[in-house]
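Features reported for this protein in TrEMBL:
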- 28-335: domain 'Carbohydrate kinase PfkB' (DOMAIN)
- 296: active site, proton acceptor (ACT_SITE)
């Protein structure tokens with residue numbers, strides 16, 4: 001089978017606890033709309049408060065896991081994708097395993113004996129989402145698990161690797177191992193800027209991984225934060241995308257391509273010093289349910305075509321299609337079969 005285990009993702013598996021809240025709830029827990037942060041002590045009571053809401057939903061999530069699941073769904077080839085991360089030995093962990101295996105993803109979780117499975121509070125206000133991640137077990141991933149023969153075999157089998165920037169806070173060593181393997185074996189290594197706080201507070205580990213990135217994904221807010229942190233003095237997303245694509249590379253096998261989404265505005269793709277803009281599928285406001293997982297779904301759709309070596313236009317179209325499907329549903333979920341041509 002040509003696509004067996006072709007795509008491997010590594011990241012923080014989190015069970016999304018998703019509920020519609022109001023502005024007061026955001027104020028109470030000092031949360032900015034449409035942002036992603038790590039939980040502090042002041043946020044911890046919020047998880048129980050969300051769980052007590054009548055409209056609460058539990059969905060297996062985490063940025064990389066979302067993208068891999070969407071890719072698997074778009075490909076419709078059993079076992080085309082694999083995923084590695086850390087969960088706890090508990091009910092939420094079991095839910096996660098079941099959900100991913102049902103989705104057709106080959107998951108190899110490291111199971112931590114002490115920490116509970118990580119959760120992510122998804123606070124939805126007016127269709128926009130704000131995320132507060134309580135990593136717990138996801139924070140306990142060790143590169144020893146990756147080095148086990150049965151798991152390293154997944155690395156050797158894969159031709160494409162995708163890791164959200166959030167994993168830089170957990171196991172930069174694991175990222176480096178995979179990045180170096182990809183560069184040495186002419187494979188494609190991809191990461192996401194993921195959140196402004198990653199670009200700001202994890203700049204050093206991000207910079208260490210950057211030379212290995214063949215594709216850099218992100219949204220306009222993350223791109224502007226990246227620019228500011230690097231002292232570029234430009235807010236222009238197209239300029240920033242070009243600059244990122246031209247940063248030094250560890251291997252000359254692939255030129256770096258930067259892909260920046262901008263909500264309802266066109267997708268910016270920078271390569272070879274040039275930018276191309278691709279329109280997105282516009283959605284009437286009344287059809288928007290929630291934006292949680294929109295960026296992850298875009299990447300998942302994009303990767304489903306990339307691993308088939310389709311042209312850039314098809315990759316972006318598939319990304320836009322997947323994001324459009326997901327924002328019309330609660331959480332990063334989708335119908336049984338895709339309707340993408």
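Note that Cβ sites are derived from N, Cα and C of the backbone, with glycine treated the same way.
Bear in mind that TrEMBL entries carry predicted annotations, made automatically and left uncurated.
Averaged across the domain 'Carbohydrate kinase PfkB' (28-335), the predicted model reaches a pLDDT of 94.
Within its own chain, the residue listed as 'active site, proton acceptor' has 63, 64, 66, 67, 70, 164, 332 as residues 6 or more apart in sequence whose C-beta sits under 8 angstroms from its own.
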